[in-house]
Each structure stands twice: as C-alpha cells, then as structure tokens.
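Asks: The structure under discussion is supplied below as structure tokens; questions concerning it will follow.
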C-alpha cells in the first residue's frame, strides 16, 4: 500500500486535501485571466504606440504572444487537473499540452535572450546595430527561436526520444523515458535553459562593465573645469546610460523567469519521489505565474510603457484633455504680458492666433471710436 501511495504521491495528496486543491485551481485560473489581459494589452500598446516601437519591442511582442499562448492553451488544463478532472486520460491531450508547455518555456527564454543580445549590441557595439538588426534578420531570429524550442520536442512527440505520457508521481503529463530508457529532458535543460542563461549572464557582464566605465567618464567630465572638446563622445556616454534604464527592465524580466522556473528544477532533482508535494505545488504555481509577470514589470520599471498603457486604457480621452490644456494656458499667458513664457508645438500656434485675434479686436475698437 505504501508503494502505491508513493507512486501517485502528488495526486493522492491533492485528493486528501480538497481545500488546497480548490485553492490551487483558483490561483491557476486567476493567473490565467491576468496573463491573458496583461499580455494582450502589452501587444496592443506596442502596436499603437510608435514611441516604444523598436527592435526590442518586436521581441517583447513575441514574448507576450508566447505567454498569451501559454495562458490560453496550457493553464486551463492545469486548472482542471487541480479540480480532479481527468483530461490526461485522452492520449492526444496528454501529448499536445506538455508539448505546448515545454515549447513555450523554451521560446520565452530564447526571446528574453534575443532582447538581452539586442541591448548588448546597442550599448557595447552600437556601430554594428544597424547592420545586425534589419527586418529580414529580425524575422530570422524569431523563426529560429520557434524552430529550436518546438523542433527539439518533435522527436519526443513522435515517441522517438522519450515520450509524452502521464507521470503518476507528478500527477500530470510530462516527458518520461521511452522503452529504450531514453529521454530528452537533459538535452532540453541544457539547450533551452542553461545555454541561454549563460549567454544572458555574459551579455549583462559586458553591459555592466561598459556602463560603469561610462559613468566614471561622466563623473570625471563633471568634475573637470576645462572645456570639453569631445561633445559627441559625451553624448554617446549619455545615450549608453539612457539605454541602461531599459536594459535593467530586461534584466528584471530574466530574473523573474529564473526565479519562477528554478524551484521546479530543484524540486524534481532533489525530490524525484515527491515526498514533499506541497513544495511541488508551490513550484507549479510559480511556473504559471511567470506568464503574467512581464506586463507588470513593464509598467513598474518603464515610464514610456506606463504612459502608453494609460493612453490605451483611456481610449484616447487623455489625448483630448492634454490638447486642451496648452490652449487655455497659451491664452491666459497672452492675457498676462508679464508672465509670457516660450510655448511649444500646438500651444505656440494657438497663442499666435489668439494674439492676432486680440490685435484685431483692438483695431475694431479704435475704428468704432473714430467713427
């Protein structure tokens, strides 16, 4: 009997604790809803906001699409698993759901890697940026990420290198060894997780060194009393420091990804027989939560994304309001000659028109007096 309990440890533990089971299902559905709304908004915001649309945003859209696909195709089945609905009895679903789950995990980390490489070239090798990031190469990079992530899972899907099957210890469908004892888990871990993490760490090391040197040169320039003959060089330093702000956002995305997926890796390695099912449950929830963290990071860490999100959520109401304010200010400033300040853009035009209108009224008054 004890061996039977060990063989279905996680699933049996959930059945014996229905409150925990329902709470896990609720958390999964909540994460799914937040992820669908957040990632859909992220894609919409980038498409409708030219100011934040660049090469990095192309990969951010791809990352948001991958997380959105994860929320729509994977999380509903995991929620149903917590509710003890046995979808795993269908062989097709037991292959397709983990195929999409593993593929999305791999492609998400590869997109984060591409964004990091983009920031690295932008800051460290800016002269190569226009050569590397052409539309055809960007498309090729995105397709390469998809081919690597999902292509490596095709042999497992065909039961040629491990197979997708129900794992009673984990209580879900996963990659298990085939009849020859082979499994693709180790290769996927190295190719889809360890190598991208090493590339990201190397890129951020190079970025950090360049930014630190730029800050030191900037400080020396500020403390120097002599005139600066290299204004272009100082402008380049300021640009690198500005790019570092966006790079820190990408670093936060990478760290959140690692924090979400590291617990499940450690748990499966140190507790293969699932003697601590509560720890495994927490690790599962953290994996699901990774699909909704990125939009939150964009809003918290990037001012331009916050403005873009506000403009989209207000459906253009804020744009009309901001257009009215300069008009009123410009008119009031024209009526108070001692408080005139320099206006810009739309306000300048309206101020000029208002001054002409006031002059014409003054002329009319003089004519009426003469008459």
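Glycine residues also receive a Cβ, built from the backbone N, Cα and C atoms like all the rest.
Not my notes, these are from TrEMBL:
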type	residues	note
DOMAIN	38-298	domain 'G-protein coupled receptors family 1 profile'
TRANSMEM	20-47	transmembrane segment
TRANSMEM	59-79	transmembrane segment
TRANSMEM	99-117	transmembrane segment
TRANSMEM	137-158	transmembrane segment
TRANSMEM	187-211	transmembrane segment
TRANSMEM	246-266	transmembrane segment
TRANSMEM	278-301	transmembrane segment
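Give me the lay of the land around each of these features.
Replies: The average per-residue pLDDT of the prediction over the domain 'G-protein coupled receptors family 1 profile' (38-298) is 85, rounded to a whole number.
Counting residues 6+ beyond its ends, the transmembrane segment (59-79) has Cβ neighbours under 8 Å at 25, 28-29, 31-32, 35-36, 39-40, 42-43, 46-47, 87, 93, 97, 100-101, 104, 107-108, 111-112, 114-115, 118, 141-142, 145, 172, 253, 284, 288, 290-292, 294-295, 298 in the same chain.
Within its own chain, the transmembrane segment (187-211) has Cβ neighbours under 8 Å at 102, 105-106, 109-110, 112-113, 116-117, 119-120, 123-124, 148-149, 152-153, 175, 240-241, 244, 247, 251, 254, 258, 261, 265, counting only residues six or more beyond its boundaries.
Long-range contacts of the transmembrane segment (246-266) within the same chain, counting only residues at least 6 positions beyond its ends with a Cβ under 8 Å from a Cβ of the stretch, are 56, 63, 105, 108-109, 112, 115-116, 119, 123, 189, 193, 197, 200, 204, 207, 279-280, 282-284, 286-287, 289-290, 293-294, 297-298, 301-302.
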Asks: Report, as numbers and ranges, which residues of the same chain sit near the transmembrane segment (278-301): CB under 8 Å and 6 or more residues beyond its ends.
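Replies: Residues 10, 13-14, 20, 24, 27-28, 31-32, 34-35, 38-39, 41-42, 60, 63-64, 67, 70-71, 75, 78, 105, 108, 170, 248-249, 252-253, 256-257, 259-261, 263-264, 267, 271, 309 contact the transmembrane segment (278-301) from elsewhere in the chain.
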